[in-house]
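K.L.:
Sharing the features that TrEMBL gives for it:
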- A:5-39: repeat 'PPR' (REPEAT)
- A:75-105: repeat 'PPR' (REPEAT)
- A:106-140: repeat 'PPR' (REPEAT)
- A:207-241: repeat 'PPR' (REPEAT)
DNA sequence: ATAGGGTTAG
(Lines of atoms letter the chains of each structure in order from A and count residues from 1; the text may use other names and numbers.)
(Lines give C-alpha, C1' and ligand atoms only; values in the text may rest on other atoms or scores of the structure.)
Protein backbone atom coordinates (compact mmCIF):
# COMPACT_ATOMS: atom_id res chain seq x y z
CA UNK A 1 0.00 0.00 0.00
CA UNK A 2 1.39 3.36 -0.90
CA UNK A 3 -1.14 5.13 1.25
CA UNK A 4 -1.79 3.74 4.68
CA UNK A 5 -4.39 5.20 6.96
CA UNK A 6 -4.59 4.69 10.75
CA UNK A 7 -6.88 1.71 10.28
CA UNK A 8 -4.48 -0.19 8.04
CA UNK A 9 -1.68 0.37 10.52
CA UNK A 10 -3.83 -0.72 13.46
CA UNK A 11 -5.08 -3.82 11.73
CA UNK A 12 -1.50 -4.79 10.89
CA UNK A 13 -0.21 -4.22 14.41
CA UNK A 14 -3.17 -6.08 15.91
CA UNK A 15 -2.84 -8.87 13.34
CA UNK A 16 0.79 -9.53 14.25
CA UNK A 17 -0.16 -9.52 17.91
CA UNK A 18 -2.97 -12.04 17.40
CA UNK A 19 -0.66 -14.25 15.37
CA UNK A 20 1.79 -14.22 18.26
CA UNK A 21 4.51 -12.50 16.24
CA UNK A 22 5.43 -9.88 18.80
CA UNK A 23 8.65 -8.89 17.06
CA UNK A 24 6.79 -7.83 13.91
CA UNK A 25 4.06 -6.28 16.02
CA UNK A 26 6.63 -4.18 17.84
CA UNK A 27 8.51 -3.24 14.66
CA UNK A 28 5.33 -2.26 12.85
CA UNK A 29 4.25 -0.10 15.74
CA UNK A 30 7.54 1.78 15.72
CA UNK A 31 7.23 2.22 11.99
CA UNK A 32 3.72 3.56 12.49
CA UNK A 33 5.03 6.17 14.89
CA UNK A 34 7.88 7.10 12.56
CA UNK A 35 5.79 7.34 9.41
CA UNK A 36 2.54 8.80 10.56
CA UNK A 37 1.86 12.28 11.76
CA UNK A 38 -0.27 12.81 14.83
CA UNK A 39 -2.21 9.56 15.44
CA UNK A 40 -5.96 9.84 15.89
CA UNK A 41 -7.63 9.08 19.18
CA UNK A 42 -8.52 5.54 18.23
CA UNK A 43 -5.22 4.14 17.04
CA UNK A 44 -3.34 4.25 20.33
CA UNK A 45 -6.23 2.94 22.45
CA UNK A 46 -6.65 0.10 19.98
CA UNK A 47 -2.99 -0.82 20.34
CA UNK A 48 -3.21 -0.45 24.11
CA UNK A 49 -6.02 -2.99 24.14
CA UNK A 50 -3.82 -5.33 22.15
CA UNK A 51 -1.12 -4.89 24.82
CA UNK A 52 -3.69 -5.49 27.54
CA UNK A 53 -5.06 -8.66 25.96
CA UNK A 54 -1.56 -10.05 25.53
CA UNK A 55 -0.51 -8.74 28.94
CA UNK A 56 2.48 -7.20 27.20
CA UNK A 57 3.55 -4.56 29.68
CA UNK A 58 6.72 -3.77 27.78
CA UNK A 59 4.91 -2.69 24.67
CA UNK A 60 2.16 -1.09 26.74
CA UNK A 61 4.70 1.14 28.44
CA UNK A 62 6.17 2.06 25.08
CA UNK A 63 2.73 3.09 23.85
CA UNK A 64 2.28 5.07 27.05
CA UNK A 65 5.45 6.96 26.17
CA UNK A 66 4.04 7.72 22.74
CA UNK A 67 0.80 8.92 24.30
CA UNK A 68 2.82 11.32 26.45
CA UNK A 69 4.93 12.54 23.55
CA UNK A 70 1.82 13.48 21.61
CA UNK A 71 0.27 15.12 24.62
CA UNK A 72 -2.71 12.79 24.42
CA UNK A 73 -2.65 11.97 28.13
CA UNK A 74 -5.36 14.50 28.88
CA UNK A 75 -7.78 12.64 26.64
CA UNK A 76 -10.23 10.80 28.86
CA UNK A 77 -10.75 7.93 26.45
CA UNK A 78 -7.02 7.41 25.89
CA UNK A 79 -6.28 7.67 29.59
CA UNK A 80 -8.98 5.20 30.60
CA UNK A 81 -7.48 2.69 28.19
CA UNK A 82 -4.07 3.20 29.80
CA UNK A 83 -5.56 2.60 33.24
CA UNK A 84 -7.14 -0.59 31.94
CA UNK A 85 -3.89 -1.75 30.35
CA UNK A 86 -1.85 -1.24 33.53
CA UNK A 87 -4.53 -2.79 35.71
CA UNK A 88 -4.84 -5.92 33.55
CA UNK A 89 -1.04 -6.20 33.47
CA UNK A 90 -1.24 -6.24 37.28
CA UNK A 91 0.61 -2.96 37.73
CA UNK A 92 -2.20 -1.61 39.84
CA UNK A 93 -0.18 1.21 41.44
CA UNK A 94 0.60 2.73 38.06
CA UNK A 95 -3.01 2.38 37.02
CA UNK A 96 -4.08 4.12 40.20
CA UNK A 97 -1.63 6.97 39.70
CA UNK A 98 -3.03 7.69 36.24
CA UNK A 99 -6.54 7.33 37.59
CA UNK A 100 -5.93 9.79 40.42
CA UNK A 101 -4.46 12.34 38.03
CA UNK A 102 -7.52 12.34 35.81
CA UNK A 103 -9.54 15.48 36.55
CA UNK A 104 -12.75 13.99 35.20
CA UNK A 105 -13.45 10.27 35.30
CA UNK A 106 -16.38 8.76 33.47
CA UNK A 107 -18.21 5.58 34.37
CA UNK A 108 -15.99 3.35 32.27
CA UNK A 109 -12.84 4.69 33.92
CA UNK A 110 -14.26 3.97 37.37
CA UNK A 111 -15.35 0.52 36.27
CA UNK A 112 -11.93 -0.31 34.87
CA UNK A 113 -10.25 0.81 38.10
CA UNK A 114 -12.68 -1.11 40.33
CA UNK A 115 -12.26 -4.23 38.24
CA UNK A 116 -8.48 -3.79 38.37
CA UNK A 117 -8.52 -3.98 42.16
CA UNK A 118 -10.77 -7.04 42.13
CA UNK A 119 -8.48 -8.85 39.70
CA UNK A 120 -5.40 -7.88 41.71
CA UNK A 121 -6.86 -9.37 44.85
CA UNK A 122 -7.69 -6.13 46.64
CA UNK A 123 -11.46 -6.46 46.83
CA UNK A 124 -11.61 -4.16 49.84
CA UNK A 125 -10.25 -1.26 47.84
CA UNK A 126 -12.62 -2.02 44.96
CA UNK A 127 -15.61 -1.56 47.26
CA UNK A 128 -14.12 1.64 48.70
CA UNK A 129 -13.83 2.98 45.16
CA UNK A 130 -17.41 1.99 44.43
CA UNK A 131 -18.59 4.19 47.30
CA UNK A 132 -16.37 7.05 46.17
CA UNK A 133 -17.78 6.73 42.68
CA UNK A 134 -21.29 7.19 43.99
CA UNK A 135 -20.14 10.14 46.12
CA UNK A 136 -19.03 11.56 42.80
CA UNK A 137 -22.66 11.33 41.63
CA UNK A 138 -22.02 8.70 39.02
CA UNK A 139 -24.70 6.07 38.51
CA UNK A 140 -23.32 2.57 37.92
CA UNK A 141 -24.62 0.47 35.08
CA UNK A 142 -24.81 -3.30 34.80
CA UNK A 143 -21.19 -3.71 33.88
CA UNK A 144 -20.02 -1.69 36.87
CA UNK A 145 -22.22 -3.81 39.09
CA UNK A 146 -20.73 -7.02 37.72
CA UNK A 147 -17.29 -5.88 38.85
CA UNK A 148 -18.60 -4.77 42.26
CA UNK A 149 -20.46 -8.03 42.75
CA UNK A 150 -17.24 -9.84 41.87
CA UNK A 151 -15.35 -7.84 44.45
CA UNK A 152 -17.91 -8.77 47.06
CA UNK A 153 -17.68 -12.43 46.06
CA UNK A 154 -13.94 -12.34 46.62
CA UNK A 155 -14.43 -10.69 50.01
CA UNK A 156 -17.02 -13.25 51.05
CA UNK A 157 -18.88 -10.63 53.04
CA UNK A 158 -22.58 -11.45 53.28
CA UNK A 159 -23.52 -8.08 54.80
CA UNK A 160 -22.05 -6.28 51.81
CA UNK A 161 -23.60 -8.80 49.45
CA UNK A 162 -27.07 -8.04 50.74
CA UNK A 163 -26.47 -4.30 50.49
CA UNK A 164 -25.31 -4.64 46.92
CA UNK A 165 -28.25 -6.84 46.02
CA UNK A 166 -30.56 -4.28 47.60
CA UNK A 167 -28.90 -1.54 45.60
CA UNK A 168 -29.31 -3.47 42.36
CA UNK A 169 -33.00 -3.89 43.17
CA UNK A 170 -33.53 -0.20 43.95
CA UNK A 171 -32.13 0.95 40.65
CA UNK A 172 -34.31 -1.69 39.02
CA UNK A 173 -31.73 -3.44 36.94
CA UNK A 174 -33.21 -6.42 35.25
CA UNK A 175 -30.74 -9.23 35.69
CA UNK A 176 -29.07 -10.18 32.48
CA UNK A 177 -27.18 -13.45 32.31
CA UNK A 178 -23.81 -12.01 33.22
CA UNK A 179 -24.93 -9.93 36.20
CA UNK A 180 -27.17 -12.75 37.37
CA UNK A 181 -24.36 -15.25 37.14
CA UNK A 182 -22.04 -12.95 39.06
CA UNK A 183 -24.67 -12.67 41.79
CA UNK A 184 -25.08 -16.42 42.08
CA UNK A 185 -21.33 -16.63 42.55
CA UNK A 186 -21.38 -13.81 45.11
CA UNK A 187 -24.09 -15.33 47.31
CA UNK A 188 -22.51 -18.76 47.11
CA UNK A 189 -19.07 -17.48 48.06
CA UNK A 190 -20.57 -15.39 50.84
CA UNK A 191 -21.96 -18.58 52.33
CA UNK A 192 -25.55 -18.92 51.13
CA UNK A 193 -26.00 -21.55 48.49
CA UNK A 194 -29.78 -21.23 48.94
CA UNK A 195 -29.87 -17.54 48.08
CA UNK A 196 -27.64 -18.37 45.14
CA UNK A 197 -30.17 -20.95 44.00
CA UNK A 198 -32.98 -18.42 44.23
CA UNK A 199 -31.15 -16.11 41.86
CA UNK A 200 -30.32 -19.07 39.64
CA UNK A 201 -33.96 -20.09 39.36
CA UNK A 202 -34.91 -16.52 38.48
CA UNK A 203 -32.62 -16.31 35.46
CA UNK A 204 -34.46 -17.35 32.36
CA UNK A 205 -31.69 -17.60 29.83
CA UNK A 206 -28.90 -19.46 31.52
CA UNK A 207 -25.68 -20.14 29.70
CA UNK A 208 -22.97 -22.70 30.39
CA UNK A 209 -21.25 -20.37 32.87
CA UNK A 210 -24.45 -19.83 34.84
CA UNK A 211 -24.84 -23.58 35.26
CA UNK A 212 -21.16 -23.94 36.02
CA UNK A 213 -21.25 -21.41 38.85
CA UNK A 214 -24.25 -23.06 40.49
CA UNK A 215 -22.77 -26.54 40.17
CA UNK A 216 -19.49 -25.34 41.66
CA UNK A 217 -21.39 -23.69 44.51
CA UNK A 218 -23.00 -26.97 45.51
CA UNK A 219 -19.60 -28.57 45.21
CA UNK A 220 -17.72 -26.42 47.69
CA UNK A 221 -20.68 -26.44 50.05
CA UNK A 222 -20.35 -30.20 50.24
CA UNK A 223 -23.63 -30.92 48.43
CA UNK A 224 -22.24 -33.21 45.77
CA UNK A 225 -25.52 -34.92 45.03
CA UNK A 226 -27.19 -31.63 44.17
CA UNK A 227 -24.27 -30.72 41.94
CA UNK A 228 -24.77 -33.96 40.02
CA UNK A 229 -28.52 -33.44 39.76
CA UNK A 230 -27.92 -30.00 38.34
CA UNK A 231 -25.49 -31.38 35.83
CA UNK A 232 -28.14 -33.81 34.60
CA UNK A 233 -30.63 -30.97 34.37
CA UNK A 234 -28.12 -28.96 32.40
CA UNK A 235 -27.63 -31.81 29.96
CA UNK A 236 -31.39 -32.12 29.59
CA UNK A 237 -31.49 -28.46 28.64
CA UNK A 238 -29.04 -29.20 25.85
CA UNK A 239 -26.15 -27.18 27.29
CA UNK A 240 -22.79 -28.60 26.28
CA UNK A 241 -20.44 -28.87 29.28
CA UNK A 242 -16.85 -27.68 29.03
CA UNK A 243 -13.66 -28.53 30.89
CA UNK A 244 -14.39 -26.15 33.74
CA UNK A 245 -17.72 -27.86 34.41
CA UNK A 246 -15.92 -31.12 34.96
CA UNK A 247 -13.40 -29.52 37.30
CA UNK A 248 -16.32 -28.34 39.45
CA UNK A 249 -18.11 -31.67 39.19
CA UNK A 250 -15.09 -33.80 40.08
CA UNK A 251 -14.31 -31.43 42.93
CA UNK A 252 -17.90 -31.80 44.14
CA UNK A 253 -17.60 -35.59 44.05
CA UNK A 254 -14.32 -35.63 45.92
CA UNK A 255 -15.68 -33.37 48.65
CA UNK A 256 -18.79 -35.45 49.09
CA UNK A 257 -17.03 -38.81 48.85
CA UNK A 258 -18.94 -39.79 45.72
CA UNK A 259 -16.28 -42.14 44.36
CA UNK A 260 -18.31 -44.12 41.82
CA UNK A 261 -20.00 -41.03 40.44
CA UNK A 262 -16.66 -39.27 40.10
CA UNK A 263 -15.12 -42.18 38.23
CA UNK A 264 -18.11 -42.35 35.92
CA UNK A 265 -17.85 -38.63 35.16
CA UNK A 266 -14.13 -38.90 34.53
CA UNK A 267 -14.82 -41.64 32.01
CA UNK A 268 -17.58 -39.91 30.08
CA UNK A 269 -15.97 -36.49 29.96
CA UNK A 270 -13.64 -37.58 27.18
CA UNK A 271 -15.69 -40.35 25.59
CA UNK A 272 -19.00 -38.56 25.49
CA UNK A 273 -18.16 -34.87 25.62
CA UNK A 274 -14.71 -34.74 24.06
CA UNK A 275 -13.24 -32.90 27.02
CA UNK A 276 -9.61 -33.86 27.46
CA UNK A 277 -8.61 -34.31 31.11
CA UNK A 278 -6.07 -31.75 32.29
CA UNK A 279 -4.03 -31.41 35.45
CA UNK A 280 -6.94 -29.98 37.44
CA UNK A 281 -9.22 -32.87 36.60
CA UNK A 282 -6.51 -35.28 37.56
CA UNK A 283 -5.86 -33.47 40.83
CA UNK A 284 -9.52 -33.89 41.72
CA UNK A 285 -9.30 -37.58 40.86
CA UNK A 286 -6.26 -38.03 43.08
CA UNK A 287 -8.21 -36.32 45.84
CA UNK A 288 -11.25 -38.50 45.20
CA UNK A 289 -9.40 -41.82 45.16
CA UNK A 290 -6.70 -41.05 47.67
C1' DA B 1 -11.77 -2.29 8.31
C1' DT B 2 -9.87 0.17 15.18
C1' DA B 3 -14.47 2.37 18.05
C1' DG B 4 -12.86 2.07 25.87
C1' DG B 5 -15.44 -1.63 30.84
C1' DG B 6 -18.44 -7.28 32.67
C1' DT B 7 -19.79 -13.88 34.35
C1' DT B 8 -17.36 -20.15 35.94
C1' DA B 9 -11.70 -23.47 37.95
C1' DG B 10 -7.01 -21.58 39.43
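For all residues, glycine too, the Cβ spot is worked out from N, Cα and C.
All annotation found in TrEMBL is predicted automatically rather than curated by experts.
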K.L.:
Count the residues of the repeat 'PPR' (A:106-140) that DSSP assigns to helix (H, G, I), to strand (E, B) and to coil, and report the three numbers in that order.
P.N.:
26 helix, 0 strand, 9 coil
K.L.:
Over the span of the repeat 'PPR' (A:207-241), count residues by DSSP class, listing helix, strand and coil in order.
P.N.:
26 helix, 0 strand, 9 coil
K.L.:
Give the mean pLDDT for the repeat 'PPR' (A:207-241) on the 0 to 100 scale.
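P.N.:
Here the mean pLDDT over the repeat 'PPR' (A:207-241) amounts to 96.
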K.L.:
Counting by DSSP secondary structure, give me helix, strand and coil numbers for the repeat 'PPR' (A:75-105).
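P.N.:
Across the repeat 'PPR' (A:75-105), DSSP assigns the residues as follows: 23 helix, 0 strand, 8 coil.
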